[in-house]
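Participant: Pasting in a structure now, in structure tokens, and then I'll have a few things to ask.
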């Protein structure tokens, strides 16, 4: 049993399939009727007007109607399109058990607990017949599919068959008068419309269900005596044929399978049983844990059944319908009706090869599942579920085509799946031992291979290779080398489809398709809501697949779309050009022609085959919003432009693709303020000032126009704007324009006219217009404003524009392939944009509809809104005809010819991005500005967690690897990447690594300075220098392996000095603890220092211990000092004196935590000795050692890494990566 859909709800009492749509009605015990789409698994609608349980429901065959009957004694007829009940039929006096529409007539039959069956005319809304005779509840009643019969079952233990021929004759209007007369007599004297034809007695308890066979004169019934009975009838009598026993409780419902010789029954014993009609034996049983079954329904046209139970319903199939097939070159081998058949694609010849005998199976779903074919040996492997999974090997004789009568004994074997892996070898999966058995054509085991995963199926994956499937992954396994070639996580795979060249594979699961290459490297995943059924690769590398109701395509990048819809599911076998070869569920070969234009077009775009794109745009009817949206989404708005007639869409696409000319043309057609404004913004972005000007003129946006003229330095037009502002009496506009022009007298005049005399006086006085100032002062009288003293006024002049003139310079490129060739595709030839043609400053303003034009020199405005200059004194270019000799054979250049297509260069990848992609060195990542990655690398390589000391170095590296150029004041600063080892001879396309401000030589200088400061006793300064070295090394980059070793050596040197200097500085801080002072002085001598510094440390420790009275320890330091052969005589002299004094009194006053005989290292945090053999932890970067309690703390020596952290080690050179 193959469950296709399942619902959870109240108890389901009635079910009905829609004939055409994938819908099912379920009527519930709660009174609700649900309408489900079983293909999508969604609830479409609910109808809940019944009061109490609804036991019967039925769809009409052709009208958008269904009928329901419930415990409220009502029969309701509903229109599911209008979502409402049309009318209610009243007449029954008790619960209604079942309702059903007649296939042909406008009748409904209903059965009820009032012991009657009623037939209703749903058009006239009348009851046309009442069938009485049962003497207990009538549990079901149904029409015969073809004849004028009704069958009913009742708790009175009988099944009755009723003849309703008279009712049909009465309803179908009689033709002649005599018949009509007899009809009237019958009506007057109470004739009977329906008579009992047979009463079938045989059940010992009440009968719950009875139904007709769709074609044969058979009836099946199920009753509370737990039996299913089969009855046969002829014209005169009916009799019991057999009884099917097996149910453990009341049989609720029983029916014949529409397509197979099977009876299906369900029962309150929580099971559904399938019975073989011919053998009268049980074939299969399906059980539920807790739910009793109540109702069954069969799809009128498809191989689908549904069953209702206590907590919902299930839609299921008894057997798979997918035919087993295998494609080999131009041939298809498939199994149909227990024959192996052969189909040739080129000739469409279909022939029978050999019969495939099956043992009489005792259960369902034993047909062939999969098939594998070996073309060289003409051998076929057929796998099925017989005996829990087995295979059969057939060797097809060469002359077998068309005969189909050669019976040969197959070689059989047990195994879940079997496939050919070579010419004469096939692999069989042995699930129990998780191994593959490789066998020859004699069915003998040649070798065994254990599988790398617990596989439950195997598929072919090229010669000698298997694709093994587990629940959530697949692997490709090489049987020869016994190694895994590829591994991929994916949903449970049902089918595997390889491309013809075996380079790509599609893994089909129930609701997903995963596309990968031959090594199982993932390419894309597609998800479908409806079940995926089959697929095949076409010649272009596009995967064509089917769902239950569509043929679809999947491009290599994962884009998908619908090619066409399907009425019935099909299984694709092969795709060749525009033809899809497929098998349907009946095993018939079909060739479907499809329109591949859409996916071929998208594929050409994807692969950048623009010549194909061009020809397809010219020659095919590709259009529609979906295609435009796709082109826009994929970054080809300029291509989408050529599909579009709608001006608004054209305008948007033109702006998006930067095609300003088409945008202007569309804006003219639309002529709305918003569109002109957007055009102005885009033109300004492109620096096309003439179109910006035109857009502002069309919207009369004078403020923006004035500012534009100021920006471009067009003072002539600015002064015209001033005159226009005068005409419009716009005082603020006048003032702004005079301010932009730097015209002081005009400003004073405007202020004076506006009545702002004090402001006018101040403006005139400050700018030195004495005559005007005096006149205004006399008008102001006593109210003359005072000017501040000691201030030097300066003239406020508009700044000079950076670019004088019109449009920005553009890169000269040949038109792109989509421009020249497509200009006339979308609409007529492009309108030339006259206004935008001339960017010279002398042209006139196109100002339309200015109120009260007084000044005649602005120009005359014509109807089109274009301005013409009145006085055309200069008569154009004054070109005269040349007197040329007769036509010489001048070679004509073909205007349409293009030697090469050149599209404007796209912006390259930023250098910093190239650096980050190429390098895995922390210093270079920091220089590229990718601080996150740099920090992650340092954390992984050196265990560094504290980046605060490195912050400034990161910033220095980033700023130091770039140079910055200022172009001109308003432009952004240009950033230039500096490359390490650049030379003039280097190729401009090859990018070197970033230049770094820190290098190894600087560290060597720092080391020398640190030594010098240590010698001079400047310990704080020396500590700062050595820590600087330690902090810089993680970001250093060197070239050779030898330098890498030197860097690692430098870390150790710097670490020893940092530790020693910290110990000495700590000793100097301690004043009141002489024992601790002596210990620290002693530890300092065990740091790995340069010889001069070691001598000084020994001298220091000797002095401290001698003064504290620890003569024995002091003598030890003196001996060690003498062993170094001190070059300074004073040091040697002091050591000898201490030794002499100690020999007289060889003892220590205080006990120290110091044993010079036992080798030790000093803990970098607690400054205590860690003797050999004691546990310690170390810093992953500077290798300082610590007592175990310090694990997880920040290293107190380098102040960067975490003690005891895992790290892979310093990476500071490309040579380490190679």
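Each Cβ is built from the backbone N, Cα and C atoms, and glycine gets one as well.
Per TrEMBL, the feature coiled coil maps to 1125-1152. Annotation comment: TrEMBL describes 340-584 as domain 'COPA/B second beta-propeller'. The annotation domain 'COPA/B TPR' is assigned in TrEMBL to 606-772. Summarising the annotation, TrEMBL assigns domain 'Coatomer alpha subunit C-terminal' to 815-1218. If you look up TrEMBL, you'll see 47-88, 89-130, 131-164, 200-241, 244-285 marked as repeat 'WD'.
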Participant: Where else in the chain does the repeat 'WD' (131-164) make close Cβ contacts, counting only residues six or more beyond its ends and a cut-off under 8 Å?
Facilitator: 94-95, 97-98, 100, 102-103, 107, 109-113, 115-119, 193-201, 203-212, 214, 219, 221, 223-224, 231, 233, 238
Participant: What residues in the same chain, six or more past the boundaries of the coiled coil (1125-1152), come closer than 8 Å to it by Cβ-Cβ distance?
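Facilitator: Tertiary neighbours of the coiled coil (1125-1152) are 1074-1075, 1078-1079, 1082, 1095, 1099, 1102-1103, 1106, 1108-1115, 1117-1119.
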Participant: What is the three-state DSSP composition of the repeat 'WD' (244-285), stated as helix, strand and coil residue counts?
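Facilitator: Here the numbers are 0 helix, 25 strand, 17 coil.
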Participant: Could you tell me what the rest of the chain brings near the repeat 'WD' (89-130), counting residues at least six beyond its ends with Cβ under 8 Å?
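Facilitator: Answer is 14, 53, 55-61, 65, 67-71, 73-77, 136-143, 145, 150, 152, 154, 162, 164, 167-168, 171, 193-194.
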Participant: Just to be sure I understand, if DSSP states are collapsed into helix, strand and coil, how many residues of the repeat 'WD' (131-164) fall in each?
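Facilitator: Computed counts for the repeat 'WD' (131-164) are 0 helix, 20 strand, 14 coil.
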Participant: Provide the three-state DSSP residue tally for the repeat 'WD' (89-130): helix first, then strand, then coil.
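Facilitator: DSSP classes over the repeat 'WD' (89-130) add up to 0 helix, 25 strand, 17 coil.
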Participant: Mean pLDDT for the coiled coil (1125-1152), as a whole number?
Facilitator: 86
Participant: How many helix, strand and coil residues does the repeat 'WD' (47-88) contain under DSSP?
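Facilitator: So the counts come to 0 helix, 24 strand, 18 coil.
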